[in-house]
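K.L.:
Feature list, courtesy of TrEMBL:
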COMPBIAS  1069-1085  compositional bias 'Polar residues'
COMPBIAS  1087-1114  compositional bias 'Basic and acidic residues'
REGION    1069-1126  region 'Disordered'
TRANSMEM  62-86  transmembrane segment
TRANSMEM  106-124  transmembrane segment
TRANSMEM  170-191  transmembrane segment
TRANSMEM  239-257  transmembrane segment
TRANSMEM  278-302  transmembrane segment
TRANSMEM  322-342  transmembrane segment
TRANSMEM  354-374  transmembrane segment
TRANSMEM  612-629  transmembrane segment
TRANSMEM  848-870  transmembrane segment
TRANSMEM  969-993  transmembrane segment
TRANSMEM  1296-1316  transmembrane segment
TRANSMEM  1344-1365  transmembrane segment
């Protein structure tokens, strides 16, 4: 009985938030539902976390602008301090100042160091890159040219700063630096680099203004000389001329910027990029030599230097302090200004935070100088009674500025015009900076020409060094210059739970909502498809012809329907079911028109497990689809059509294929996912930007966060955090990431299609080592293949993804049992091919190979290191046991567990490991608090254990502070600390001893295969007790069939399967209850025959053999149904769909999607479909009327239908006719006849049933050949299995022996060093009291502690340094990226 509400009011939804207006910004249900409407007794649904559409947040927007303002102020402040410090140093070193000659020489030396500092930094960075990147032999001609230019620039800078500027006053020194833009202006005029021809006015004005400024400068000094200003002689003209020439030489520093924009010397510049680091090493050395030569020639030969003056006396240390402070301010602030300028560009605040503050640096310095001059006017006039405040103010009291005040006022106008001309010429020359557009992730080398900066001209250096035209093909300045890409999201599923499936589907639908309609352009210029590959998707192993989907697939279908409802408030519209050679496929259109494919794998037809699923989709998406889009004439494709959510007809499953014709393999990406991964669109886009920007990057991964509850998850949270903070960043900095995890990684198509990558990835394991390396860690092996072919794997800390982690101790140990040996095997494989890999891969150097060797060595010594740590921190420290005895006691538990692992079963091994882990945790806890107590008693932390504990705490604290969003991970640090023996000692032993076990170990079925087969046809299983007898009653399907044959005379094969094997529900109950829920729909492409209720063959379907598919099809429609069947697409002039045979698994799947044709869902779907179809604002009124009237029509037509009843064919046809007529009448009344076609399609779409389609013959042939060649189920003989088992045990024994010998030798060496004596071999550290005074005692670092530090702490410290560098270099890629996504263009 349907309850009607006569106060029906259809409120207009927020169309701007569509299609997710089912959930508003506050997470509440959609506003378009009247509270009193109840169309079904079960209207409730799940609301997955993260399904809400992100709206604009005022606070977030405000934070974006605050960060931009902060960065801009930092740029301006650091630039003013750097420039001001340089001007003060030049003034203090001037012979016209009141400083003594000794002080002038000292400050001149500080100026030399200011010039050397940026060159020293360039030298260090270039040396770093040459050491950890492959060295490319330079072209001597090109290198000689670059070095000559650098020498000229260094000569001009040295002469200008060390010779000319000390002879000028502060204002002249401030103005003359603006002339360094003259060469850039000339080249811009010559090559006409402007996009619009009229913009050539800017460089012309810059050139004219700079020349005018030089002329005014000469006129000014001419007036000074002839006015007999103190200190001004005829030599001033020489210094003016030398200054102008030096400025011209300095302007050559940015010669590359205009030339790279011309595209005329791209070959030379591209060649230079290959060996730029080596050239910078040589050029930085030459520049330092030139600086020293200018200083010595001018000040030592021309002007005598008294070298003894540099021997400062005790009373002159204030001079040293002032000079060093000015040097530090100039060097540090110039470096900070450059860094903040880069950050400003990368957070897209180019105008507000970069161009504006840099352009204002000169006027700001002038303003600060005038304020200081005015406030100190009395002092400068000779009144020495005034107190001087501040270090910087005091130096101005010694400046011999100009004694004749009348001359100041006479030349004020000339000064002002000269300064304005110089500053205006600099600003007009760098006008292009205000128009530059930056991508979300941008390399510094793509923003700036030179590696670093010129500290003397920090403001001019930043703007002139900014590239006029960002030299990349992916420039976002226009759509023509950016290359579209296609992303294939490929998730592999293996026995995921309902909640885990909910995460991955919600993430995919979020991306669909972010991307929007694939027919429309998007700011990120990408298209995508979602593919889900379900392993072990079918039941019925004993009867292959009668296959049904298992419970995991049923859960997946429910999740798809539920998520679709949440995002659209309606049922899935366009669903196709396809039988394939590998099993089956579900194909549906997501709310915004993007495609979702669900591939159901039958392990009897195709190999299961993750690696083979990856090979399956890689060959399908990169091989097959890449072939058909490039050769469409060779494929006779019968394209079936689907309809987008807005009711418009198009071919979405072929839309991306057509677009891919114009997309290269370099811009085809595969996003590898697990079935439980949770991510947001921004995480995907950040990885896409990585691959777009770096052509040599074959894969990129993000920050993986484990989810779950319990102690094991807490341990993994900190373990994952430390692994990403330190290990992955160290690999990223030193060379390349070795493993891009398969749960969330983006791969480049061309990299996977490279030689010896995908082809070798299809290798079937036959040897023991291959089982360990290939099948136990497929993602690491794939990355190893990419690295060996020269591709780089990168890590992006801002791309976050979440995945479920093992919550049980057993599951955790089994997972790491796979990961440990696989990691070691792949790393050893990379080291074995290290020489060849270094030649091919520019990201991997011999020094990086050495680092990996050190890492592997430290990993192998892990058990021994933990044993020594337990011996030192627990037994020796807590229980006061002697060092040698503590080593013996600490070695007993791991040896015993080692023996247990050889004699006990794996489950028993894990149980014992769990018990020992608890005992070790108590021991580590006791040692932790004992160390803290000892530091309190001793009154100092300078004890061996105290220093180690405090240093580790500080190291992790600093690391967490540099990752502010993950600072809370420190909470789990204590859990990680007390579990170190379990994770690095017991787990290592368990993994090694059980290396011969190559099963997956996680997400296994609850029952073994034999038990499933045994219980497969069991209909009744009861335990009965009769008196003192226990009886077990079992009734099988075979016995029931035999009894049925004896009673009815039918063959057993024709008997009715009484029990659904999957759910244990009698099928007769299903068939006899609610017969109206099994309609025969005329709107579907293929209809299942509805047999008579009394027919024993009700669930039997006609199956054609493969040989008959091309010629004849088995009809499963009755003749009356065939007469009534009318193709759905006839009115749309599309190809008529042929009837296809349905298989056993099809009907239960189709029945789930048929629920859209119930009364309650039809009413909801119709309203949502009309709203979306007519979503334009000028159609709101007619849309509201249509929804109201069509809803009334639907209520009237279906007044006698229950809310859960599926409509019959006749009801669907009659309802469609009535709705179409009513809509036509409303549109005609409102004069909106142009909308009739769209509304008609919306109605038809609402009443469309799921279709059963046939796979294209060409694609079917591809799958058959692919399976036959690479993916046929593996059927090993018993002899082969025995040989492999024997080889695996032999490999296990070799690995265990190697591990055992190395660790024993390390422990024995420590034991004997400890036995020799602490006095002979120890490091003495003076003990200090809490107030810092020495106590006269010494603390000794014993061999026990020293050996542990060598094997563990050294590697951790190296990784910490790499993390610091990564934070400094890539901070704009992480915290600023997270804060400013999407970036603000200011």
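Counting starts with 1 at the first residue shown.
Yeah, the Cβs are placed from backbone N, Cα and C, and that goes for glycine too.
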K.L.:
Of the stretches 106-124, 239-257, 354-374, 612-629, 1296-1316, which racks up the most C-beta pairs under 8 Å with the transmembrane segment (848-870)?
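P.N.:
Against the transmembrane segment (848-870), the leading stretch is 1296-1316.
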K.L.:
Are there 3 or more C-beta pairs under 8 Å linking the transmembrane segment (278-302) with the transmembrane segment (354-374), counting only pairs at least 6 apart in sequence?
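P.N.:
Contact criterion not met.
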K.L.:
Using a Cβ distance cut-off of under 8 Å, indicate which of 62-86, 106-124, 239-257, 322-342, 612-629 has the most pairs with the transmembrane segment (278-302).
P.N.:
106-124
K.L.:
Among 62-86, 106-124, 239-257, 612-629, 969-993, which stretch has the most Cβ pairs under 8 Å to the transmembrane segment (322-342)?
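P.N.:
That would be 62-86.
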K.L.:
Where else in the chain does the transmembrane segment (969-993) make close Cβ contacts, counting only residues six or more beyond its ends and a cut-off under 8 Å?
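P.N.:
That would be 711, 714-715, 717-719, 721-722, 813, 816-817, 820-821, 862-863, 865-867, 869-870, 894, 897-898, 901-902, 909-910, 913, 916-917, 920-921, 923-925, 928, 956-957, 960, 1292, 1295-1296, 1299.
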K.L.:
Looking only at residues six or more beyond either end of the transmembrane segment (239-257), which have a C-beta under 8 A from one in the stretch?
P.N.:
149, 152-153, 155-157, 159-160, 163-165, 167-168, 176-177, 179-184, 187, 214, 217-218, 221, 269, 449-450, 454, 457, 461, 464-468
